[in-house]
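Accompanying notes for the structure given below.
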Amino acid sequence: MNLSAPFIKRPIGSSVLGIMIMLVGLMGVFGLQTRQYPQVDETVITVATVYPGASADLIQGFVTAPISAAVASAEGVDYITSQSRPSASVVTVQMRLGQDPDVALTEVMSKVQEVRARLPSDAQDPSIVKGTGQTFATMYLAVQNPAMTSEQVTEYIERVIVPRMSTIEGVAESQVMGAANYAMRVWIDPVRLAGQGLTAGEVTQAINDANFLAAPGRTRNELVGYAITMDSTLQTPEAFGNLPVAGSGTEVVRLSDVARVELAAASTDMVVSFDGVAGTFIGVFPSPGSNPLDVSAAVLEELPALQASLPDGMTMELMYDATEQIAASINEVLLTIVQATAIVALIILLFLGSTRSVSVPLVAIPLSLVGTLFILFVMGYSINLLTLLALVLAIGLVVDDAIIVVENVQRHIDEGQAPMEAAFTAMRELSVAIIAMLTTLFAVFLPLFFIGGLTGALFREFAAALAGAVFISGVVALTISPMMAARVLRPGGGENRFQRSLNGAFTWLEGWYVRRLEGTLRFVPVTVMAVVVLTGLTGFLFLNTSSELAPEEDSGALFSFINAPSYATIDYTSHYVSQMRERTADLPELAANFSIVGFGGQTNSGIMLWAFEDWADRDRSQADIQQDLQARIAPIAGVQAFVFAPPSLPGAGGGLPIGLVIQSTGDPSEVYEVADRIRQQAEASGRFLVVQNSMSFDTTQVVVTIDRDRVAALNLPASQIGQTLSLLVGDGATAQFDRDSQSYDVIMQVPQEYRDNPERLGDIYLRARSGELVPLSAVADISTAVAPQSIEQFNQLNSATLTALPMIGTSTGDGLAALEEIAQAELPDGFFLDYEGQSRLEMAEGNTVAIAFALAIVVIYLVLAAQFESLRDPFIVLMSVPLSIFGVIVPLNLGLGTLNIYTQVGLITLIGLITKHGILLVEFANQLRVTKMLDRSAAIVESARLRLRPILMTTAATALGVVPLMLADGAGSAARFAMGLVIFSGITVGTIFTLIVVPTFYVLISKKEIATDPERQAGTVAVK
């Protein structure tokens, strides 16, 4: 078979083909989007419902449960979590990766609407928000103005900045953190209220009667129409204070007689600071499916205009931008491509010894890489870290076929043929092998196109880029490379002294190798036994190698969750957060710091971020800085704080990397007790820096027990007790008012001293149907009890989630296995385990990659069987696979890396790379048996001798081409190192074993007699 003949004869046609590949590739460059990772549709839908004054139990039974049951039947749901806390229900629906975000939102909204009528009438309409589930925003902007109050700053942000940012394409939410929204606070004095003979409900009714919205409409005369306006709303504290709430004749009781009215913040349960100075943050969250790089660029483009329009004294600064790490990572990979190209060119020059010879494979590099960009464009893919990583690996691959062509053509020239005749002869010998290697590499990546989950979403584009580059390199090797070889190569290669020395060294090496190989073939059983032992050892080491979802990247920032006791106030938590800031302020690499106290709506929780200088401007890695930070904050005894890096992959959520869910049909107290026993055992094991139980059962709850007999005797509606407490103690709005064309809440409450002392709630008065005022203490018993901070459920079962951070140096996979082992020993009957966040992905993706790996082996075998028309030859070729994996698993087991999503895909890639050598050896041996009538042993020895030099050249090009990946540092270096380590160690060790094992199994397994295939062997000349 000689597909190359027309191209060898027609240099202009071949050159035009190369030019066309470059042109369409450059066209593709301008149409490709640049991203961090391939687009992953990660959708999380949150259904939040406020029921002012309701207890957690009431919320769970009448709000959370019906909503959870309804949304569970929505299409594409992965799992559902819920939290029921006083006055609020939050149901979080995690959709499967790849689910269309808009379809998912529509489905969930429809399900919620179906059960809306079943919710309590006093519950507010559920708020349904679509997001990506990321804990941390892509960008944080700090807004400060020392001359303005927090309320004024918040009002400006909500009125001016947020609407403008909401128009930016790709922005899902501009979340205001530390917001102090205006509210009309009506502080009711129960004693004065009772003294005036009034109740809270009557005051509320008076406010709503006097403060209302009205749309009177229009009127007109014969010539002119008029719009009617009415001063129906109250807008100032003075206006509310003067409002009559009761009275007759000249005796008027005004609101100021029974309450203190002020314009103040609706809530003070969140404190935000930037470098120690109080401020307000805007967190920018991209919408599902949007490109964070585009969103960041659009925000930065709008930022100067926003800053220019700020009031005097107000500043708005970019505090943190996660896309800086993305851009730095992409630049690092682009630099790696240049470095790898230079290294591969040098390797080819050293092996071929001639600039003429080097020119042929070097042409394949730009043609293959640029042409691949057009393939990515046609398939709707993007330029991202993974496709660029594929191009780095491709540099060593795309020259393989060209090297083989050059080496074979040069060998025939040196044996006396003219360059043109040598090109025809070489390509008759190589066409089948090149096509076989091409289809094999295609077969390797085929399973990645069909698997789901995160692996499929991320590495589908990686596979397309690498397969595309190999395809184009195969086309180049069959067309342009032989055409060039026929015209640039000369007899003797134009040898100089260096080349003669190099050729002499290779001649000696060939002789040494042949002697060793012939000796090995005399002891076939020994080699087979060694292969069996090494394969078994590979399996053993594989099962005992540390694993994780992905290696931790240096993202240029670290986070810390801060947890104080459940009774902690906002001031308590802020005090210790300030200590953390002071202890870390002199960190050499620190660029900025911000903190949020009251994170997640809990006054006992907080979060802190440390943003670092550019990677080039600091000496220590993020891992070193993390240890330093943890050591600095560990001595702070009043809170529990731990430092962690943001997740490396999309879809991994946020927070701690290990998430184990304890589920049960039992009540929440049982779940808490079991989960806390597991937590204590895990902390005592010494394997974790921190283990957290999402449930806490130390929250003091005020219990109001109604004396129903007494209530009936006094003819008092029992429902009035709940309504009155909700009005005076709850934080719900009783009305709205407008200020500067914006609406705000009117919040009526008793002063803090009544809420701090539960017994004083008994001083609140109610009105019996007789008109008599009755104190709450007369009809109810007020006591305290310990209750959970919230009731949690996972897939509609009571649950508690244990989140953990393993010791530094321990992988997340090992940490999860250790936590599972402890949990299994503690779990009673009726309890189950599940996974959340990154751990859930890790468990799912491990199985996905294993399936892809097995499918790759099967598909390669079938493709080779069709290529060789033999069921034995593919088995011979594949014998090098387990031994190349042995070369990978040893360094991983020694701690140089872990089994993660990158190393596992690297192993799949390695299958295709290492089988190329076996294909060359087997194909040439088969040709020699037909053309020279050699027996199996002589044919494989001669094939190994002839193929030794190109095999070593392609191995060196591939292995040394990935050295820049292994030496990488800075942004995104962990992923590059993981992939580089697998390819380097696997191809190096695998090649050594291939040169021994493949010939051994060829002698052992191949047929003694080989049939001649006229079509396949047509035109094949003897290999002289």
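Any Cβ shown, glycine's included, is placed from N, Cα and C.
Lifted from TrEMBL, the feature list:
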- 12-32: transmembrane segment (TRANSMEM)
- 333-353: transmembrane segment (TRANSMEM)
- 360-379: transmembrane segment (TRANSMEM)
- 385-409: transmembrane segment (TRANSMEM)
- 430-450: transmembrane segment (TRANSMEM)
- 462-480: transmembrane segment (TRANSMEM)
- 523-543: transmembrane segment (TRANSMEM)
- 849-868: transmembrane segment (TRANSMEM)
- 875-895: transmembrane segment (TRANSMEM)
- 901-925: transmembrane segment (TRANSMEM)
- 946-967: transmembrane segment (TRANSMEM)
- 979-1005: transmembrane segment (TRANSMEM)
Checklist entry - Considering pairs 6 or more residues apart, do the transmembrane segment (875-895) and the transmembrane segment (462-480) have at least three CB pairs under 8 Å? => result no
For the transmembrane segment (360-379), out of 385-409, 430-450, 946-967, most C-beta pairs under 8 A are with 385-409
> Does the chain bring the transmembrane segment (462-480) near the transmembrane segment (946-967), so that three or more CB pairs sit under 8 Å (pairs 6 or more apart in sequence)?
Replying inline: no
* Contact call for the transmembrane segment (946-967) against the transmembrane segment (333-353), three or more Cβ pairs under 8 Å -> yes
Most Cβ pairs under 8 Å to the transmembrane segment (385-409), of 12-32, 523-543, 979-1005, goes to 979-1005
The recorded stretch from 12-32, 430-450, 901-925, 979-1005 sharing the largest number of CB pairs under 8 A with the transmembrane segment (523-543) is 979-1005
Any contact, the transmembrane segment (901-925) to the transmembrane segment (430-450), with at least 3 Cβ pairs under 8 A: yes
Per the Cβ under 8 Å criterion, with at least 6 residues separating them from its ends, the transmembrane segment (430-450) contacts 1-4, 397, 400-401, 404-405, 408, 456, 459-460, 462-464, 466-467, 470-471, 474, 477-478, 851-852, 855-856, 859-860, 862-864, 867-868, 905, 908-909, 911-913, 915-916, 919-920, 923-924, 1016
Residues outside the transmembrane segment (849-868) whose C-beta sits under 8 Å from one of its C-beta atoms, at least 6 past its ends, are 432, 435-436, 439-440, 442-448, 451, 455, 874-875, 877-878, 881, 901, 904-905, 907-908, 911-912, 915, 919, 922-923, 926
